[in-house]
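Residues or ranges marked as ATP binding site in Swiss-Prot (evidence: similarity to another entry): 101, 102, 103, 104, 105, 106, 107, 108, 212. Swiss-Prot lists 108 with the feature Mg(2+) binding site. Taken from Swiss-Prot, the feature substrate binding site applies to 126, 151, 173. Look at Swiss-Prot and you will find 285-307 tagged as region 'Disordered'. Under the heading transit peptide, Swiss-Prot lists 1-60, citing sequence analysis as support.
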C-alpha cells in the first residue's frame, strides 16, 4: 500500500553563530504515515526579511589564485558566496530551489550551503521518503517493495514540499523521470548539477554502492561497473535533466579556474556558480509572463518602494 507523506514544519529559535539574518534556527519536519509519525530534527538557516533581501552592488572581483594561501582563498569564497546570495535572495521572493542531477553529483552538500547562505530550510527528498515509509534506506525500500513504490512516495514528498516556501531541496537522482515531479518543481526554480560521468564513477567507486540500489551489483572492478551503469542512466535521463531552469556544469567551472579535474573544485565553488546561474535565469526572464516574470515584477516593485 502506498504510503502518503504529509509534511509539517515547526521552527524554534536556537543558538546560532553571529547575529542578524544569518543566525541559525532549528526546524522539525514531521512525516506521518498512517497513524505513526516520525520526527526528524533538521538544520535550517535563519530568516531573511526585506532588509536582508535588498541586493548589494554587483560584485565583479575574482577569487584569489590557487597559489595564494588557502585561508585567503576560503575567505574570498565565503565573501563572494555571501554577496551573491544577497543579490539572488532579493529576486527569489521565497520561491523554493530544487537541485537535480545524477547520484553522487553533490546535490545534498551544495543544497546545504545554499540553504545556509539564503536563510532557507534544507530538505533531502530521499531522506523524507525513508522517514515516510519507516525504512532506514532507499536501498531497503527498493529491496522490500519496488522502485515504483519508492517513486510513488517520492512524488508525494515533492508534492507536499511544493506547497511550502523558502526551501532548498536535494532531489533523488531519478526524480526527473516523472513528469508530475516537474509540475511540482516548476513552482520553484530547478538547478541541474552536471558532473562528468568519469568523476561520478570515481566518487561512487570510492564510497561503495551499497546505498545506491540501481548501482549495487557484484563486480571485481567497482569503477568500471559504476561507469557502465551511470552511462546507461545518463542516456535515459539526460533530456529530463535538461528541463531544469539552470545548468551548473562542473567542467565549465573547472575550465574557468584553470583545473583539468573537477575533483579540485570545492562545494563552495559549485554553490557560487549555482547562485550565478539562478541570477542569470531570473534576470533573463524578468520581462516574461508567468510565475517567473511575475516574481521579478513583484521584486522590482518592492525594491522601488524600498528606495
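Positions of Cβ are set from backbone N, Cα and C atoms, glycine also.
Distance noted between the C-alpha atoms of residue 101 (ATP binding site) and residue 173 (substrate binding site) is 6 Å. The secondary structure of residue 151 (substrate binding site), as reduced to three states from DSSP, is helical. The record gives 126, 151, 173 for substrate. Within 8 Å of the mean position of their Cβ atoms, the other Cβ atoms in that chain belong to 125, 129, 138, 150, 154, 171, 172, 174, 175. The shortest Cα-Cα distance from residue 173 (substrate binding site) to any of the binding-site residues (103, 107, 108) is found for 103.
Remark: residue 105 (ATP binding site) has 173, 193, 194, 195, 200 as non-local neighbours, by Cβ distance under 8 Å and separation of at least 6 in sequence. Sorted by the number of other CB atoms within 10 A, the binding-site residues 101, 173 start with 173, the lowest. Neighbour density for residue 126 (substrate binding site): within 10 A of its CB lie 23 other CB atoms from the protein chains shown. When the binding-site residues 107, 151 are compared by the number of other CB atoms within 10 angstroms of each CB, 151 has the fewest. Residue 108 (Mg(2+) binding site) is surrounded by 19 other CB atoms, counting those within 10 A of its CB over all protein chains shown. Residue density at residue 103 (ATP binding site): 22 other Cβ atoms are found within 10 A of its Cβ, drawing on all protein chains shown. In the three-state DSSP scheme, residue 101 (ATP binding site) is classed as coil. Max Cα-Cα distance over the annotated substrate binders (126, 151, 173) is 11 Å. Between the CA atoms of the residue listed as 'Mg(2+) binding site' and residue 126 (substrate binding site) there is a gap of 10 Å.
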